[in-house]
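What TrEMBL annotates here:
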ACT_SITE  D69  active site
ACT_SITE  E128  active site, proton acceptor
BINDING   C94, H96, E128, H154, H347  Mn(2+) binding site
DOMAIN    180-269  domain 'Peptidase M20 dimerisation'
Amino acid sequence: MDTERFITIRRKLHQIPEPGFQEYKTQQFILDFIDGLPKERLEVQTWKTGVLIKVPGLNPRKTIGYRTDMDGLPISEETSYEFTSVHNGYMHACGHDLHMTIALGLLDHFVHQPVDDHLLFIFQPAEEGPGGALPLLQSEEFQAVKPDMMLALHIAPEYPVGTVAVKEGLLFANTSELFIDLKGKGGHAAYPHLANDMVVATSHLVTQLQSVVSRNIDPLDSTVITVGKITGGTKQNIIAETARLEGTIRTLSSASMIKVKSRIEAIIKGIEASFECEAAIDYGSNYYQVCNHEELTKEFISFLESSKPADFYRCREAMTGEDFGYFLKEIPGFMFWLGVDCEYGLHHSRIEPKEEAIPVALRTLSTYIEWKATSQ
Ligand SMILES: CC(=O)N[C@@H](CCC[C@H](N)C(=O)O)C(=O)O
C-alpha cells in the first residue's frame with residue numbers, strides 16, 4: 001500500500017473539518033476519490049452528507065460492512081501542524097480524518113483486489129452529534145444494502161502505534177447529552193434582593209450535580225456527569241436573568257441512565273424552588289452503548305494473535321460514547337481501538353495522532369477482511 005498517498009489524504013481531510021450533517025466538502029472529497037477508482041466494480045450512493053459504497057464480491061455469501069465517521073468538532077486547533085484546519089473554530093480532534101483515510105485505503109485495496117464476499121463502505125455523518133448512525137441505519141438506502149456484519153475502529157491516543165486494543169462485550173458507555181436552561185429575574189448588580197440571579201443558581205446546580213454520581217449510583221456501576229459549558233449573563237454589573245448549562249451523561253448500564261436522569265430532574269425542581277426560577281431540560285441526542293459481538297470479537301482476537309498484523313492488547317470498557325452502538329445493536333460486529341500514541345487526548349486542541357498508525361490499520365483490516373471474506 002502506498003502509505004505516503006494516504007498520509008497526504010489524511011492531511012487534506014484534516015484541513016476541512018465540518019459539523020455533523022454539514023460535511024459537504026468532506027463528502028465531495030470522498031466522491032472525488034471514488035471517481036478515480038474503476039467504476040464498474042463499485043455501486044455508490046449518497047445518504048444526506050454520507051456515502052455508501054458497495055464493492056461486489058466474486059462469490060458472495062455475505063456482506064461485510066466497514067464504517068467510518070466523518071464530522072469534526074467545534075475546537076480551535078492548536079497543533080504544531082503545517083496543515084491545520086482551514087475552517088476557523090473547527091478541528092478533527094477525534095481522529096475522524098484518520099478513520100476516513102483508513103476507510104479510503106481499504107476501499108482502494110479491495111476495488112483492485114476483490115474478495116469473495118460483498119463489502120460495504122459506510123461514510124457516516126454526525127457522530128459527534130446529533131448522531132447519524134440511527135437515521136442511517138433506518139434509511140431505505142442502508143436497508144437495501146444492509147451488511148451481515150460490521151466493523152469500525154477508533155483512534156486511541158493512550159496506546160502505542162502498532163497496537164490494536166479490543167474486548168468482547170461492552171466497549172463504550174450509554175450517553176446522553178444534557179442541556180439545562182434557567183430563567184430567573186435580571187436586575188442591577190447593586191440590588192440582588194430585587195432579582196433572581198441565574199449565575200448563582202447555576203453554580204449551585206453544578207455543585208449539586210456532583211452528588212448524583214457520588215451518592216445515588218452504585219460505585220461499581222461507572223457513571224459520569226460532565227458539564228462542559230456554562231453560559232449566562234450579559235455584563236459584570238448586571239444580574240443574570242438566564243443561564244445555560246451544557247453537558248453529557250455516561251453510564252455503563254441503561255438502568256443507571258434512567259436513575260441519573262430522574263435524580264437530575266429532582267435536583268432541578270429543588271433549584272426552581274430555592275431560586276424562584278424556571279428550568280427546562282433537554283437531553284439532546286442519546287447513544288446506545290457499543291457492545292462487541294462475543295464470537296466475532298474472540299475470532300478477531302485469535303486472528304490478531306496468530307497472524308500478528310498488530311500487537312493485541314485486551315482493553316477495559318471506556319466511558320466514551322459512539323453511535324456505532326446502534327449498528328451493533330442490530331448487526332453483529334465489533335469496534336476496536338487503534339493506538340496512535342500522542343500526548344494530548346481525544347477532543348483536545350493539541351491532539352496529534354501519529355500517522356504511522358495508518359499503515360498498521362490498513363494491514364490489520366485488509367488481512368482480516370481478506371481472511372473473513374474468503375474463508376468464513
Ligand atoms: C469517541 C467519542 O469521543 N465520542 C463522543 C460521542 C459524542 C456523544 C454525544 N454528543 C455526547 O456528548 O453525549 C464522546 O463524547 O464520547
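Glycine too: its Cβ is placed from the backbone N, Cα and C atoms.
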Checking the recorded positions D69, H96, E128: which ones have Cβ within under 6 Å of ligand 1?
E128
Inside 10 Å of the Cβ of H347 (Mn(2+) binding site), count up the other Cβ atoms and send me the figure.
14
Got a sec? Which of these active-site residues, D69, E128, has the most Cβ atoms within 10 Å?
D69
If you average per-residue pLDDT over the domain 'Peptidase M20 dimerisation' (180-269), what number do you get?
97
Hey, how far is C94 (Mn(2+) binding site) from the residue listed as 'active site, proton acceptor', Cα to Cα, in Å?
9
Which residues does H154 (Mn(2+) binding site) neighbour through Cβ under 8 Å, counting only same-chain ones at least six apart?
G95, H99, T320, E322, M335, F336, W337, L338
Of the recorded positions H96, E128, H347, which one has its Cα closest to the Cα of the residue listed as 'active site'?
H96
Helix, strand and coil counts within the domain 'Peptidase M20 dimerisation' (180-269) (DSSP):
38 helix, 30 strand, 22 coil
How would DSSP class the residue listed as 'active site, proton acceptor' in three states?
coil
Setting C94, H96, E128, H154, H347 aside, what same-chain residues sit with their Cβ within 8 Å of the center of the Cβ atoms that define the Mn(2+) site, listed in sequence order?
D69, L73, H92, A93, G95, E127, L346
